[in-house]
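Q: My questions will all concern the structure given below.
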Amino acid sequence: MILLWKKKKFLSASGISPSARFEPLNFYVFTSLTQLICTIIYICFIIYFLIIEIKLLMKLNLKYFYEFWSLIQVGIISCSITSIIIYIWRFKEYNRLSSLFRETNGYVYINLQMTVYVDDVLTSLLGFCCFFGTIKFIKFIRFNKSLIIFIQTLKYVTKDIISFSFMFSIVFMSFLALFYLLFNSSIGSCSSLLSTAQMLFEITLMSFDATDFTGADPFLGPFCFSLFIIIVVFVCLSMFMSILNDGFHHVELNSIEDQHILSYMLKKFLNWTHLRRPNVEEIYEVQDSRMHSQYIDPIENFPDKIDQLLEAIDRIYIDQRKELLKLKRAGV
């Protein structure tokens with residue numbers, strides 16, 4: 001079934017922008033036996049990983065959320081469980097509409113707005129599942145030397161990138177307000193803040209049409225466009241590339257161990273099936289990784305411990321001063 005979806009958008013300049021789109025609706029829950037089997041297998045995997053992550057959460061407590069891959073796993077599980085709930089909701093909604101259509105033979109008005117909304121939510125959740133799952137694949141291809149260099153570079157320049165992100169966000173938001181307020185009523189791409197931000201990102205990627213700015217205003221259009229190109233594209237992106245280049249040269253000087261994915265997968269499979277017993281070095285390596293995940297390096301906590309020591313000394317000093325004042329007042 002194909003639904004024609006019409007929508008009207010009221011612009012800030014007292015205008016109306018109509019739009020229409022086609023929404024295909026499939027009233028069949030499972031179109032084939034393969035889809036049913038894949039769905040059951042996927043649900044079993046989600047339940048299995050949910051049990052594992054709950055055990056890790058109970059073991060590590062809040063330290064569980066300090067690991068990046070734990071957050072990715074939480075995103076996959078939460079989006080998958082929510083998708084299952086929305087899928088059941090959509091199934092009930094489809095059954096209600098199908099029964100209503102059979103009873104009336106299609107001669108009554110049927111509101112499909114809720115059905116389209118549920119279908120959009122389910123599509124968005126499946127998109128997030130694919131997003132987190134694709135990022136999860138980075139963990140499996142981490143044996144690639146180029147990827148290892150890239151990850152180590154990002155770790156080295158994390159603080160610089162965070163500082164640069166704050167600076168770039170301020171510059172980008174200022175240009176966003178400038179383009180939106182100046183060309184809101186003259187350029188269609190600046191009709192809203194979201195479309196204006198999309199247009200500015202396209203300009204940053206050097207995918208733009210400068211004739212719109214020339215037609216909007218002979219002076220302000222080219223001037224604002226040139227100002228954005230100079231400050232954002234030339235200056236800001238050059239700073240970003242310099243930060244990455246410095247981190248890359250620093251990481252390139254350090255030796256990186258070359259790992260082989262086939263041997264790693266074979267070793268993990270043999271350990272999992274208990275066909276091969278791990279040696280002493282591997283046991284120590286696993287214990288060290290577990291200890292590292294549970295405890296933070298004491299050097300990182302050293303400044304906090306110094307602050308706590310100084311606060312304790314201050315409290316002792318203040319308490320002693322109070323006791324001396326009390327003894328002086330008592331004439332001792």
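Each residue, glycine too, has its Cβ placed from N, Cα and C.
Note that the coordinates shown come from a computational prediction; the quantities given were computed from them, not determined experimentally.
Straight out of TrEMBL:
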DOMAIN    32-251  domain 'Polycystin cation channel PKD1/PKD2'
TRANSMEM  32-52  transmembrane segment
TRANSMEM  64-89  transmembrane segment
TRANSMEM  121-141  transmembrane segment
TRANSMEM  161-183  transmembrane segment
TRANSMEM  219-240  transmembrane segment
Q: Give the one range among 32-52, 64-89, 121-141, 219-240 whose Cβ atoms make the most pairs under 8 Å with those of the transmembrane segment (161-183).
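A: Top-ranked stretch among 32-52, 64-89, 121-141, 219-240: 219-240.
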Q: Which sequence positions outside the transmembrane segment (64-89), separated from its termini by at least 6 residues, show Cβ-Cβ distances below 8 Å to it?
A: 42-43, 46, 49-50, 53, 56-57, 118, 121-122, 125-126, 128-129, 132-133, 135-136, 139, 293
Q: As a test of reading the model: what is the averaged pLDDT for the domain 'Polycystin cation channel PKD1/PKD2' (32-251)?
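A: Summarising the domain 'Polycystin cation channel PKD1/PKD2' (32-251) by its mean pLDDT gives 84.
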Q: Quick test of the contact rule: Cβ under 8 Å, at least six residues beyond the ends. What residues does that give for the transmembrane segment (32-52)?
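A: For the transmembrane segment (32-52), the nonlocal Cβ contacts are 73, 76-77, 80-81, 84.
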